[in-house]
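Peer 1: This is the structure, below, for whatever I ask next.
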Amino acid sequence: MSENQSLDIFQSIRKDAFGALEEASDFETVHKIEAEYIGKSGRLTKILKSLKEMSLAERKEMGSTANALKKEIEEKIKLKKEEFGERGGSNHRDADWIDITAPGKKISRGHIHPISRVLKEVTSIFESMGFEVVEGPEVETEHYNFDALNIPKEHPARDLWDTFWIKPLKNGLLLRTHTSPNQIRYMEKHQPPLRIIVPGQVFRYEASDSSHGIQFYQLEGLMVDKTTSVANFKALIEQFFKKLFKENIQMRIRPGYFPFVEPGFEVDIKDRSDKWLEVIGAGMIHPQILKNVKLDPSQWQGFAFGMGLDRITMMKYKIDDIRLFHSGDLRFIRQF
Amino acid sequence: MLFSYNWLQSFFDKKLPKPEKLAEVLTSHSFETKVLKEVGLPSGGKDIVLDIDVLPNRAHDCFSHLGIAREISVVCNIPLKIQPQQKLAIEKRKAEEFLKLDVQESDFCRRYIAGIMLGIKVGPSPSWMQERLIVLGQKPINNIVDSANYVMFELGQPLHAFDMDKLNPAKIVVRRAKEGEQIITLDNKEYKLDKSMLVIADSSDPIAIAGIKGGKKKEIDAKTKNIIIESANFEPINIRKTSQKLGLRTGASVGFENEISPALAADAIERVMALISETAGGKIVSEKIDFYPKKFKPSRISFGFKDVASLLGVKIPEKKALSILNRLRLEPKKEKGEITVMCPSERMDLARKEDVIEEIARIYGYDKIPAEIPEGVLMPVRRNDNYFYGNVIRDILVGAGFSEVYNYSFAKIGQIEIENPIAMDKKYLRMDLWNGLRMNAAQNLKYFDEIKIFEIGKIFRKAHERIIEKNKLAGVVVYKDNKKNTDVFFEIKGVIDALLSGLGISDFWFDNSPEPPINRVEIKIGNDGIGFIMSPNTFEIDLEELIRLATEEIEYRPVSKYPAMIRDIAVLVPPSTKVINVLDVIENTAGKLLIDTDLFDIYKGDELGANRKNLAFHLIFQSSEKTLSDKEVNVLIDKIIKAIEGNSDWEVRK
């Protein structure tokens with residue numbers, strides 16, 4: 001073989017190999033090209049193997065050219081492999097290659113109860129509007145739960161709150177039926193202007209079903225100032241729903257009755273199935289209540305509201321049974 | 001309460017809005033209203049039943065078709081029809097000639113009108129009357145009873161009729177029952193009465209439980225000719241108490257316990273006599289007996305338009321407000337910028353200016369009140385620590401793989417008993433959280449291999465006869481694979497470590513409980529217990545204590561410029577030896593160059609011998625002044641080894 005002949009061979013191998021690699025569009029093809037040129041019986045390998053039959057001078061000359069070419073092809077193949085390797089070839093044996101479609105290693109993380117989650121959001125919205133979080137007892141006195149809120153004994157309005165009583169009855173202790181006693185508790189000790197929210201568990205002695213629980217979460221709100229009005233309440237609640245649901249929620253206010261407010265109203269929001277859902281009971285603080293806590297109704301006025309957090313949580317996450325919240329069932333909790 | 005659409009329509013000449021539209025308007029301005037069902041009538045045609053959730057403060061006047069018709073008239077702005085006067089057969093005599101009335105309890109009986117009708121003929125009521133009652137779920141009985149019922153649904157006044165000829169002598173006494181006195185009611189049930197209860201009696205026995213239910217003895221039957229009609233007004237609280245004591249709730253008792261205007265009794269008796277005369281013939285004795293000692297005075301309320309604007313936050317045009325008040329029949333009079341209204345007798349809910357402002361607001365429409373962001377200085381909000389740290393704790397525990405559950409505050413056992421428990425396993429208020437969590441864990445093991453749950457909630461205990469309510473945090477870890485449960489105590493300990501250090505509490509330690517049960521381990525800070533581990537898998541911590549100790553203020557210590565040196569040391573000790581005891585010896589011996597000690601392994605194995613366990617520690621030495629030499633550290637290590645081996649049961653492995 002003359003020198004020119006052999007150079008021609010190298011040039012044609014080079015041209016073929018590079019041409020093929022240039023056109024190769026997947027990992028498989030690159031792999032085939034690798035075998036064809038530098039594999040065990042590849043075209044270039046064969047030449048390298050035949051070197052030992054040549055003269056020393058020839059061997060030296062051809063050898064260095066062949067090895068240089070081999071190196072060049074190897075590098076090109078490597079580049080190509082990297083290119084396709086990243087897209088995930090199926091039978092890639094490269095140690096660095098990662099199957100990015102395989103699932104990540106599971107890091108055990110728990111789940112916050114959906115109501116805690118919503119409460120946190122609700123609270124931060126009210127805090128951003130200047131409302132302070134306040135707490136109150138779950139075992140309440142008849143005085144704070146009823147009498148001080150204009151709900152005297154033997155008044156039919158008491159039927160609105162089915163009550164769990166604590167033994168012995170003569171002590172007049174009960175499980176609070178609403179968070180409203182904290183309006184009184186707070187106003188007795190603080191001077192306006194006031195802006196508070198009171199989240200907490202409340203209790204009702206009634207048959208439970210998918211939309212009524214014997215124990216559920218409420219959030220009381222109270223704002224008292226010189227000019228606090230129904231229009232202010234409306235603005236606050238609109239802002240609240242907008243932030244909580246991150247969309248424009250249809251809302252309506254209609255007349256309602258609670259003995260400790262006047263006027264009293266209910267706030268409904270429209271759920272996804274286009275049904276009105278009652279979520280807030282509210283009103284302007286009754287002048288008698290202000291007098292009860294030694295505030296002058298001609299100086300101060302304000303609103304109070306009570307919100308059912310269970311209902312809001314149910315709406316937010318499309319939960320269909322209120323009893324799930326107290327079920328302790330991780331099949332439920334782990335979805336949040 | 002159920003209402004008939006046709007009946008409501010009968011109060012108007014103009015056609016009412018369609019039921020759905022009417023329900024929508026009433027819901028926005030008066031009461032939540034649902035279109036319940038369509039009912040086919042025996043005479044052909046149909047009616048619609050509306051379910052109207054009359055608000056409790058309007059039970060005075062709206063537990064009746066007339067009341068709702070008045071509401072409709074106001075909110076839809078259509079006038080009520082003027083009812084034509086009927087010509088009635090009158091017997092010009094005085095009821096007193098036939099009947100003696102003796103009201104002994106004028107506090108409980110505010111008004112008692114007795115009307116008399118002669119020569120009536122008992123029979124079925126006309127079909128139009130029957131249909132209206134059937135639509136409302138009532139069973140027609142006869143023309144007398146049905147007429148009385150009809151008036152109750154129409155005007156809201158409960159009425160009662162007695163067979164006058166069965167009263168001998170014809171005398172009605174309104175008195176308290178005698179202790180143990182008995183009555184058999186119209187539905188043949190026997191009730192034992194006590195002296196707190198008001199009865200209608202003849203000269204000897206009760207003939208009705210006042211305002212609740214009539215008695216069997218003087219009931220109207222097919223032969224009845226002459227009747228006494230009672231249109232009375234009873235005091236609400238006594239009616240309510242009696243009704244609750246007897247477990248007897250009737251249309252009449254509900255009406256009276258919500259309080260009805262005494263003025264209504266007069267309208268109602270006129271109406272029922274006219275109806276009886278129409279359906280059963282007979283003659284009306286012209287002059288009734290009317291016991292009415294304290295006349296009802298309608299209230300008069302004054303306010304200014306500025307009060308309306310201030311409370312509602314919107315200026316409703318005066319003309320508009322006045323028109324609303326007129327429609328409500330409040331007869332507003334404007335004088336020197338003040339409005340004075342006269343409340344109709346049935347509107348017993350109106351007592352102060354706020355009540356009238358509410359009337360203006362709801363009729364005007366809450367949807368028309370604009371939303372207005374409140375003015376005022378925005379004060380920085382004070383943080384509620386309980387609530388704030390509750391969330392910090394949630395985040396730490398969730399990060400450690402725990403999920404949060406809520407359990408009921410009730411339990412099978414406890415110190416605070418419920419008077420009216422809803423279930424046998426909810427007779428008490430819970431006195432701890434961890435028992436509930438263990439039950440949750442057992443339930444959940446059906447579905448999961450690994451349970452890590454926690455709860456933040458209140459527990460209830462008694463101390464010195466007072467109820468103590470405490471916020472607690474509890475958690476439990478359980479694995480389905482029992483082999484994993486052997487190490488669970490240390491996992492719990494690790495969680496508590498993570499939790500307390502996450503809250504910035506570092507100087508806590510664990511102590512065997514001085515009291516049983518043996519598997520209880522106290523978590524202490526200084527000498528105070530803040531909670532416990534119920535070995536192996538449960539813990540419960542006092543949240544208030546924890547929060548009191550938690551501090552956000554982390555103090556920065558400059559990082560030493562000189563390298564730390566770490567040495568490991570392994571100590572063989574008897575199984576009963578506590579890690580803390582070994583740690584104490586190490587730390588007390590090493591001095592301040594030992595900046596940290598970590599226990600990284602506890603090992604028990606056969607090759608150690610039966611009564612041995614191996615504790616392995618990393619000891620970290622560092623000075624803030626210089627680079628420590630091997631020699632210096634070796635001196636300290638030797639000192640530590642010597643101190644450890646000072647205890648003959650302990651051996652340092654070399």
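Heads up, the Cβ atoms here are built off N, Cα and C, so glycines get one too.
Bear in mind that the values here come from a model prediction, so they are computed numbers and not experimental data.
In case it helps, TrEMBL gives these features for our protein:
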BINDING   B:D349, B:D355, B:E358, B:E359  Mg(2+) binding site
DOMAIN    B:296-371  domain 'B5'
DOMAIN    B:560-653  domain 'FDX-ACB'
Peer 1: So how many other Cβ atoms are close to B:E358 (Mg(2+) binding site), meaning within 10 Å of its Cβ?
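Peer 2: Taking all protein chains shown, B:E358 (Mg(2+) binding site) has 25 Cβ neighbours within 10 Å.
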Peer 1: Below 8 Å between Cβ atoms and chain A: which of B:D349, B:D355, B:E358 make it? I'm asking about the binding-site residues.
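Peer 2: Filtering B:D349, B:D355, B:E358 for a Cβ under 8 Å from chain A leaves B:D355, B:E358.
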Peer 1: Per DSSP, what is the residue tally for the domain 'B5' (B:296-371) in helix, strand and coil?
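Peer 2: DSSP classes over the domain 'B5' (B:296-371) add up to 33 helix, 13 strand, 30 coil.
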Peer 1: Using all protein chains in view, find how many other C-beta atoms are within 10 Å of the C-beta of B:E359 (Mg(2+) binding site).
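Peer 2: For B:E359 (Mg(2+) binding site), the 10 Å Cβ neighbour count is 24.
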Peer 1: Need one number: mean pLDDT over the domain 'FDX-ACB' (B:560-653).
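Peer 2: It averages 87.
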